[in-house]
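A.B. asks: Here's a structure for you.
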Number of protein chains: 2
Amino acid sequence: MTRPAPQDVRTVACVGAGVIGGGWVAHFLARGYAVRAWDPAPDAEARLRRLVDAAWPALEQLGLAPGASPARLTVTGTLEKAVSEAQFVQESAPEKLELKRELLAKLDAATPAGIVIASSTSGYPMTDMQTEAVTPGRLIVGHPFNPPYLIPLVEVVGGERTDASAVEWASRFYELAGKSVITMEREVPGFIANRLQEALWREALHMVANGEATVREIDRSITEGPGLRWAFMGPMLTFALAGGEGGMAHMLDHFGPSLKSPWTRLEAPELDGALYDAVVAGCADASDGRTIADLVAERDQGVIDVLRATGRLPGTGAR
Amino acid sequence: MTRPAPQDVRTVACVGAGVIGGGWVAHFLARGYAVRAWDPAPDAEARLRRLVDAAWPALEQLGLAPGASPARLTVTGTLEKAVSEAQFVQESAPEKLELKRELLAKLDAATPAGIVIASSTSGYPMTDMQTEAVTPGRLIVGHPFNPPYLIPLVEVVGGERTDASAVEWASRFYELAGKSVITMEREVPGFIANRLQEALWREALHMVANGEATVREIDRSITEGPGLRWAFMGPMLTFALAGGEGGMAHMLDHFGPSLKSPWTRLEAPELDGALYDAVVAGCADASDGRTIADLVAERDQGVIDVLRATGRLPGTGAR
């Protein structure tokens, strides 16, 4: 068992170097790690270096860790060479279950004992992916968002055969590596954020399929509307503010009946007493003592800041 | 027929002065209009003035129109007094179809001929609301987002009995009043943005109902994840960038099969050739000549700007 303390990791392996894998490479390089990458595509190295070069100016703006450099990237000729010296492995292969199963088994065989191996899968449960591995206890999901070098969120969850210590280790490691971690206690297909954005995406596809809205209108309806709020206040607290001084309870009283309106193709859950109470209590908890007036002031300032930052206030440059 | 040119409007009536109606009042005041408001609740005036006072500092930051002042708000004792001198009427009553029908008929009877009357409804088609009005041709939907004084989007659409000229007039008026308008050609329950956010909201409620995620986790999964992008780049172009240098076509090739994964309770549409082509062509159109590399650079700068604006970069104050 050679698992280092999370703060002692110096070398990370990234297996699969497409948009997501390459984005992880850029992130780990910027945070000062040495990165060993492998991808079977013939043009993978050139594409990966282009991606890192394109991301680097943004990463400089974010602030590089001491010693961070694109020169610390090594692209290896084999999977084994990428992982043999790694203290953490991030797998970002194409989203095909069979392929993931086989690859994770290979990675498990080639990676030093105990080292945690994370999959970037957008939705497969680790339970379904770890079936072929000899030591599945160290396999976890670490699901990022595109681009992984800028979007903080990583959803961390294990499978049925994953050791709790590997989940805990990975959550701590990602935090030290500058990510914002949600550690899930149980496997849910699509995790949390992907389920939410997938619901939105499917509704958008329905609208396009039915000629109800164009791609441009769909995008504008978000960037000029709810998207401005969601950059800093999530959909639940945002909706709580639609209830005015009464907050989420009043919002549910007022808009609860609309849940049964045919406003999406997604069937709504029954808004029974238990769900009502859970949502209201959850909002109270997430408010961390802030009153509705506090939240309104915070939201208003946030929208203004975001409008200004994205060049949409009078006197700021248009994007 | 006394409909003024959109640029000649000076006095606006707001009927219903809760969270949304009050937000409209604040918006129109800040844009320099005289506002006449009416709401049947006994404490409506005090609550409305509190809302305007709370919003005013934000509106000052956004930049007030010449002559803008909270003093230009008149709260009237009757509906008739609110609308009798109005050059535009915005109705924001509770979301109950019967109530909307009756109120719009009353407003139609009390408002000078030709003046456009808009409903803030979150989802009822105007066709279903204009049934009792004597002159339904001037009734339109002007659906805002909370708070209307900060979120630019207004979705404008008429009903079957609405005159095209009223829809056109309202779109132009809202633009002059500082809103960002999507004029819809056909009625879709929930319009565009509400269908999208309602899909997300329902999925979130399912997750809470099943104990799969807490309110706090749901909100964090958006603000630390996709919400950062959606403040300035919509879900469609954002997803196009998940396809790497191949854009939306590659994204659909790669992730299309996930559409059938059980990642939400929303049933996905069939990704047939027509939908595939419509989505790819729509993204090309919405890109306005920007290459994938251009969009990636724009997205990266946008995320950094939003992170900085919301205090989440090193060296900026935490919110």
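Our numbering is plain: 1 for the first residue shown, then up by one each step along the chain.
Including glycine, each Cβ sits where the backbone N, Cα and C put it.
Curation plays no part in TrEMBL annotations; they are all automatic predictions.
On a predicted model such as this, the values are computed, not experimentally measured, just so you know.
What TrEMBL records for A:Gly16, A:Ala17, A:Gly18, A:Val19, A:Ile20, A:Gly21 is NAD(+) binding site. Here TrEMBL flags A:11-186 as domain '3-hydroxyacyl-CoA dehydrogenase NAD binding'. For A:190-258, the entry in TrEMBL reads domain '3-hydroxyacyl-CoA dehydrogenase C-terminal'.
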A.B. asks: Applying an 8 Å Cβ threshold (strictly under) against chain B, tell me which of the binding-site residues A:Gly16, A:Ala17, A:Val19, A:Gly21 fall inside, in sequence order.
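C.D. replies: Among the binding-site residues A:Gly16, A:Ala17, A:Val19, A:Gly21, the ones whose Cβ sits under 8 Å from a Cβ of chain B are A:Val19.
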A.B. asks: With Cβ-Cβ distance below 8 Å and at least 6 positions apart along the chain, what are the contacts of A:Gly21 (NAD(+) binding site)? List them in sequence order.
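C.D. replies: Counting only residues 6 or more apart in sequence, the Cβ neighbours of A:Gly21 (NAD(+) binding site) under 8 Å are A:Cys14, A:Val15, A:Ala37, A:Asp39, A:Gln90, A:Ser92, A:Ala93, A:Ser120.
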A.B. asks: Whose Cβ lies within 8 Å of the mean position of the Cβ atoms of A:Gly16, A:Ala17, A:Gly18, A:Val19, A:Ile20, A:Gly21, the NAD(+) site, other than those residues?
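C.D. replies: Other same-chain residues near the NAD(+) site: A:Cys14, A:Gly22, A:Gly23, A:Trp24, A:Asp39, A:Ser92, A:Ala93, A:Ser120.
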A.B. asks: Highest CB neighbour count within 10 A among the binding-site residues A:Val19, A:Ile20?
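C.D. replies: Counting Cβ neighbours within 10 Å, the top one is A:Ile20.
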A.B. asks: Counting every protein chain present, what is the number of Cβ atoms, excluding its own, within 10 Å of the Cβ of A:Gly18 (NAD(+) binding site)?
C.D. replies: 23
A.B. asks: Which one of these binding-site residues, A:Gly16, A:Ala17, has the sparsest Cβ neighbourhood, judged by other Cβ atoms within 10 angstroms?
C.D. replies: A:Gly16
A.B. asks: Helix, strand or coil: which one is A:Val19 (NAD(+) binding site) in, per DSSP?
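C.D. replies: Note: A:Val19 (NAD(+) binding site) is helical by DSSP.
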A.B. asks: Mind looking up the mean pLDDT for the domain '3-hydroxyacyl-CoA dehydrogenase C-terminal' (A:190-258) in the predicted model?
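C.D. replies: Average per-residue pLDDT within the domain '3-hydroxyacyl-CoA dehydrogenase C-terminal' (A:190-258): 89.
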